[in-house]
Amino acid sequence: MYWVAGFASSRSFVVDLGRNQSPSLGLCGSDERHLFDGYIVAVPVQDFGGIMSGLVSDSWWRKTLYITGGALLAAAAYLLHELLSIRKEQQLDSKDAIILHQFSRPKNGVPSLSPFCLKMETYLRMVDLPYQNYFDGSLSSQGKMPWIEYNYEQVCGTEFIIDFLEEKLGVSLNKSLSSQEQAVAQAITTMVEEHLYWTIAYCQWVDNVQETQRMLDLPGPLSDLLKWILCQLTGGIVKREMYCHGIGCFTKEEVYTLMEKDIRTLATLLGDKKYIMGPKLSSVDATVFGHLAQAMWTLPGTRPEQLIKGELINLAMYCERIRRKFWPEWFVDLEDFYYDSDNDASSGTPTCMLDLGLFSRTDTLSGSDLSLQSHSNTHSQDSDHCARSLSDSDIEADGSDVEQQVTGKI
């Protein structure tokens with residue numbers, strides 16, 4: 001019995017597997033040894049009458065097998081590179097500019113399938129800081145996404161990015177919160193990012209992976225194959241990391257039970273308030289919105305979507321309120337706002353969201369609004385394709401909230 005062995009990884013490499021030798025790794029012609037992470041795959045090959053024995057003993061056949069295997073590994077590495085990153089078209093200068101690195105836009109109109117990328121971009125819009133999106137797909141030096149560059153400094157991790165921007169630029173959404181309220185906001189952030197996130201990721205990349213695969217937007221003739229590979233890789237990573245976290249040890253039903261508890265907790269904390277901490281925005285709203293938006297608009301027909309659009313409608317109104325205020329180019333079919341168990345089929349093709357490379361929310365406001373304080377919480381009134389007003393009063397039961405209305409149309 002003979003075995004064919006191969007190594008699967010997301011990086012280009014050359015592996016030297018010799019008899020009684022430890023595997024060595026050379027990258028880009030360097031003599032430096034590196035650690036690598038991947039999977040050893042072994043497949044048994046049936047020995048038909050000693051034919052394989054003769055072939056393996058022949059040096060010519062061995063060279064052919066080595067060359068073929070190396071070519072296949074190189075092709076797989078190239079495909080993975082093209083899948084996970086977009087090559088740089090120009091060198092970006094981060095001098096006095098915020099460059100936001102994140103995953104590319106999906107094709108269903110949602111800004112991002114990553115709760116953290118959506119959180120970070122929403123936060124930048126909330127504090128009205130101009131920024132430039134860079135959909136290169138490359139991770140930070142710590143292996144994180146998203147991350148930013150500002151004045152040639154690189155910062156990753158959404159909480160660290162927010163702290164960095166507060167320190168460097170003096171912007172903050174939490175100035176009006178007391179010490180106790182800030183502690184509550186931090187507890188909510190931890191629950192959402194360290195617990196609810198894993199249940200949402202499970203629903204996206206494991207239990208509902210076919211729908212997620214259709215939302216990916218990858219160019220090229222092999223886009224379907226690349227999307228399948230990406231979903232399989234991501235799903236495996238999610239399951240492995242969920243197991244390390246501890247939540248992956250539970251059954252599917254138990255995972256959904258934990259998800260429902262977290263979502264109901266958020267609905268109770270929100271109540272009839274406009275935002276999580278009261279009438280004013282805070283950074284926790286970017287966190288909650290980034291995660292709940294995945295259930296609202298990327299998981300059609302699933303249990304979290306049914307729960308939010310059905311029983312916990314205050315969360316749906318909350319997400320819609322933030323979407324209208326800070327994402328004017330993100331069009332959503334209002335007929336799909338409430339969940340209808342009798343008709344959960346989509347009635348149309350969603351409009352893809354525009355990729356705004358350089359965005360500042362002040363660019364979408366009329367001239368009269370530019371005189372307002374730079375980082376004040378202004379409300380921009382959006383309009384849909386039929387020119388109907390999409391002000392917050394359309395979805396709020398309590399009309400006591402008084403907001404500044406923008407007279408100009410976007």
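Here the Cβ of each residue, glycine as well, is placed from N, Cα and C on the backbone.
The shown structure was predicted, so the numbers you read here are calculated from the model rather than taken from an experiment.
Per TrEMBL, the feature compositional bias 'Polar residues' maps to 370-380.
Summarising the annotation, TrEMBL assigns domain 'Failed axon connections homolog N-terminal' to 1-104.
According to DSSP, the secondary structure content of the domain 'Thioredoxin-like fold' (115-208) in residues is 53 helix, 12 strand, 29 coil. If you look up TrEMBL, you'll see 115-208 marked as domain 'Thioredoxin-like fold'.
According to TrEMBL, the domain 'Metaxin glutathione S-transferase' annotation covers 260-322. Taken together, the residues of the domain 'Metaxin glutathione S-transferase' (260-322) have an average pLDDT of 95.
Taken from TrEMBL, the feature region 'Disordered' covers 370-410.
Sorting the domain 'Metaxin glutathione S-transferase' (260-322) by DSSP state (H, G, I as helix; E, B as strand; all else coil) yields 45 helix, 2 strand, 16 coil.
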